[in-house]
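Here is the structure we will look at, set down as C-alpha cells.
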Amino acid sequence: MDFSELEKDNTGRCRLSSPVPAVCRKESCVLGVDEAGRGPVLGPMVYAICYCPLTRLADLEAMKVADSKTMSESDRDRLFAKMEENGDFVGWALDVLSPNLISTSMLGRVKYNLNALSHDTAAGLIQYALDQGVRVTQVFVDTVGLPETYQERLQQRFPGIDVTVKAKADALYPVVSAASICAKVARDQAVKNWQFVEDLQDLDADYGSGYPNDPKTKAWLKKQVEPVFGFPQFVRFSWSTAQTILEKEAADVLWEDSPAQDLEGPERITAYFNKGSRARPRAPHRYFQERGLEPATAL
C-alpha cells in the first residue's frame, strides 16, 4: 500500500485502491465491507471494500481468509500479499479517516456521529467501486448499529444490488473477511508510520493498544497532553477518555462573560503564560516557537 498521500496530509481523509481487475468489469461481482479501528482513542479508522467475481468466490475462500481480529499481524500481512498476487480477480479500496476528521465531525456545530460517518463512508466506497466499472450485484456488510435499519438504508441507495447487513459478517462471509484484512493491515501501517505534525519532545511510541481502557494508552495520553493546545492530532479528542484527561491535566479557559464564581477552583489558562514556580518539562508548543512568542510575566 502506498501511504505517500496520507504522509503528506493526515488531517483528513485518504483513499487508496488496487487496480480494478478486468474480469470485474465483465462479470457479476460480490463485494464485502468492513472497518478497523472504530474503538481506539488513538489513530485513524479505516473502512475497506474487497470484491471479486461470483465465479471466483471459491478461489477467494481457498486463500483461507478469516476475521482479521482472530489472526496475527503476520498472518494478515501474508494474506493481504496473497490477495495482491491474485489481483487478476481480487480488487480492494479503502478510506483512511484521520482522528482529526473523526473528532471534528463529532464535535462540530452540526453533529455528525460515528455511526453516520461509518454508514456514509461504506456507501461511498460501494459507489466508488461502481464508478470504477465494477459490476457489483451482491454486497455484504458488517453492521454498525441496527442491521435492519442499515440494510434498508443501503438498499434504498443501491436498488439494483442485493444488500445483506449482518452482525459479525466478517466471520460469516469470506469477502467481508477479506475486506477486514485490508482494513486492519492498512490501519496497522498507518499507525506505525504516522507523521506527527507536532514537534514532540522525546516522543514515546509505546502507547499500548490505543484502546481507551488500556493503562498504557492512558499513561501516554497524560504524558502528551499540552496545557493549552491539548493533544497531538493522533488523538481522537472527542473520546471521553481524552476529554477526562484534558479536564484534569490542561488549563481551564475563563471566558469574559464567565460568572465571578468561576474564578475559583481549577487553574486559569492565563497561568500557563506566567512565570513562576510552575514547571514546564517540555519545550514551548510549536505555535509559540513559530511566532517567536515568549512567556510574559503578566497579561
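Count begins at 1; order follows the chain as displayed.
Cβ coordinates come from backbone N, Cα and C, glycine included.
These come from TrEMBL:
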| type | residues | note |
| --- | --- | --- |
| DOMAIN | 28-251 | domain 'RNase H type-2' |
| BINDING | D34, E35, D142 | divalent metal cation binding site |
Are there residues of the same chain, six or more positions away from D34 (divalent metal cation binding site), whose CB falls under 8 angstroms from its CB, and which are they? Y47, A48, S68, V141, D142, A169, D170, V176, S177, A179, S180, A183
Those residues of the chain, 6+ apart, with a Cβ under 8 Å from that of E35 (divalent metal cation binding site): M45, V46, Y47, A48, S118, A122, D142, V144, S180, A183
